[in-house]
Amino acid sequence: LVLLWLVAFSECIIEIPLRRVKTMRKTLSGKNTLNNFLKEHAYSLSQISSRGSNLTIHPLRNIMDMLYVGNITIGTPPQEFQVIFDTGSSDLWVPSIDCNSTSCATHVRFRHLQSSTFRPTNKTFTIIYGSGRMKGVVAYDTVRIGDLVSTDQPFGLSMEEYGFAHKRFDGILGLNYRNLSWSKTLPIFDKLKNEGAISEPVFAFYLSKDKREGSVVMFGGVDHHYYKGELKWVPLIRAVDWSVHVDRITMKREVIACSEGCAALVDTGSSNIQGPGRLIDNIQKLIGATPRGSKYYVSCSAVNILPSIIFTINGVNYPVPARAYILKDSRGHCYTTFKEKRVRRSTESWVLGEVFLRLYFSVFDRGNDR
């Protein structure tokens, strides 16, 4: 993993623009209005080449708060899906036309009988996420990410989904290591890497601030136009996931967490900064946040006076200012983006989600496990 600068690879950089997901509830009130809007604005897969022939860009839709989604296709002829490019998981899945869950009914479903390259299996699997879970079956078909094509790619078809009904993405494309695959299949990035479809085993994210357009995930190298300064390479704790060692977490020069060092997963599929409950509660108290429902709220004027919270990683300070860790909801109230990490571990661990990644350009280097 790297944060900040790298000499751009010159070959086969595929960039998929991502759009920050804003809640349409802010502008479209009422279920029927939202559903009508979605029907009238069906997304298309037209491709635009930019900055040379090695760059492919897809138009994206803005659908929810603080999610970044991109379009892929599966099957022959291609069927289009809007997915989260997720460094916190390893499986690719989309809903099956045979799924009758409420969540599936609100999303685009894969019609396997319409694909001439579809190959079924009887292998089933289940994935549990922080916000939901799915149960599905493994299948094989042609998957396209921009100009990248993976034939006979294993992927999941969900038959049951829970917790995703109001999440405006169809599926998830995992970019974590193979050992974390719940379906025990080869992730698409590994397959593309093994087949030499990308020039370098690297992908990177630029997540825009406050703008629906402009965010990208790039494969096969790094486009240096998206950042300033130098990249600071950070070795992974182990070559099993995108977790790095954090030296400490401070505020006003005082250590407030990770006092003896800790692990942090760099997760493009998470919108928050997550940590152990007692430490998150302490941070909420330090910034004067009060609980209301599932969120912690502060006065919106506090954005101008609250200090940055600094994550020191591999000796480098990465400040997260109040304007980044405090957001405004649809009613104009301000809430914090710190959240308790649900997974219990004996050692202290954190998740650095999009709150952090909007501040720092991130490069994930599978070739050097950094």
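Glycine too: its Cβ is placed from the backbone N, Cα and C atoms.
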- Note on the structure: If you consult TrEMBL, the disulfide counterpart of Cys99 among Cys12, Cys104 turns out to be Cys104
- Listed in sequence order, the recorded positions within 10 angstroms (C-alpha to C-alpha) of Asp267 (active site) out of Asp86, Cys99, Cys104, Cys258 are Asp86
- Message: If I restrict to non-local contacts, at least six residues apart, and a C-beta distance under 8 angstroms, what lies near Cys262 (disulfide bond) in its own chain?
- Response: His245, Val246, Ile249, Thr347, Glu348, Ser349, Trp350
